[in-house]
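Student: Below is a structure I'd like to ask you about.
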Amino acid sequence: MSHYNLSNLCLKGKSLARSQGAKEFAYCPYSKFRVGAALLAHDGTVFTGCNVENASYNLGLCAERTAIAKAVSGGYRSFKAIAIASDLEDQFISPCGGCRQFMREFGDHWSVYLSKPDGSYKEMTIEDLLPVSFGPEDLKKKRLFTTENGS
């Protein structure tokens, strides 16, 4: 894992810095904890997302899942990187376990940039965040037992 400043990025810089702007749209009346995400597809398209809370807490959406859902609904399935931003000053924002698994659905070797408001960030991969993970390819592996209908 590496630490950089977002302003030093060439390809990803302006696009991934959009995660800081995406948090401005967060709907977080309960936690007051704004999160933004910017997802970079392989063709250079950037999808942004923010957290959207709900009075029924478990129905809230995280910024990472919002950005991925926007991309998937637009036909994208392969991603190069995601930047995640919050208002935390003393530490890098980290995705929740649910978001880590949600991101893992689309591969384990793409980059994740955990950032701070000052533009500094830590680069990791999905594999770093969710080691020994379970993904779509695991469902295709030979199993000892299957149900009667073959599933």
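Residue 1 is the first one shown; counting continues down the chain.
Including glycine, each Cβ sits where the backbone N, Cα and C put it.
I grabbed these lines from TrEMBL:
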DOMAIN    10-137  domain 'CMP/dCMP-type deaminase'
BINDING   Asn51, Val52, Glu53, Asn54, Ala55, Ser56, Tyr57  substrate binding site
BINDING   Cys62, Cys96, Cys99  Zn(2+) binding site
ACT_SITE  Glu64  active site, proton donor
Student: Quick check for the class: what is the C-alpha distance, in angstrom and rounded, between Asn51 (substrate binding site) and Cys62 (Zn(2+) binding site)?
Tutor: 4
Student: So, in DSSP terms, is Cys99 (Zn(2+) binding site) helix, strand, or coil?
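Tutor: SS state of Cys99 (Zn(2+) binding site) = helix.
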Student: Reduce the DSSP letter at Glu53 (substrate binding site) to three states and note it down.
Tutor: coil
Student: Among the binding-site residues Asn51, Ser56, which residue has the largest number of other Cβ atoms within 10 Å of its own Cβ?
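Tutor: Within the set of binding-site residues, the most crowded position is Asn51.
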Student: Tell me, which binding-site residues from Val52, Glu53, Ser56, Tyr57 are within 10 Å of Cys99 (Zn(2+) binding site) if we use the C-alpha atoms?
Tutor: none
Student: Report the mean pLDDT of the predicted model across the domain 'CMP/dCMP-type deaminase' (10-137), rounded to a whole number.
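Tutor: Averaging the confidence scores along the domain 'CMP/dCMP-type deaminase' (10-137) gives 94.
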Student: If H, G and I count as helix, E and B as strand, and all else as coil, what does DSSP give for Glu64 (active site, proton donor)?
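Tutor: For Glu64 (active site, proton donor) - judged by DSSP and reduced to three states - the answer is helix.
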Student: Can you tell which of the binding-site residues (Ala55, Cys62) has the fewest other C-beta atoms within 10 angstroms of its C-beta?
Tutor: Ala55
Student: Pop the Cα-Cα gap between Cys62 (Zn(2+) binding site) and Ser56 (substrate binding site) into the table, whole Å please.
Tutor: 14
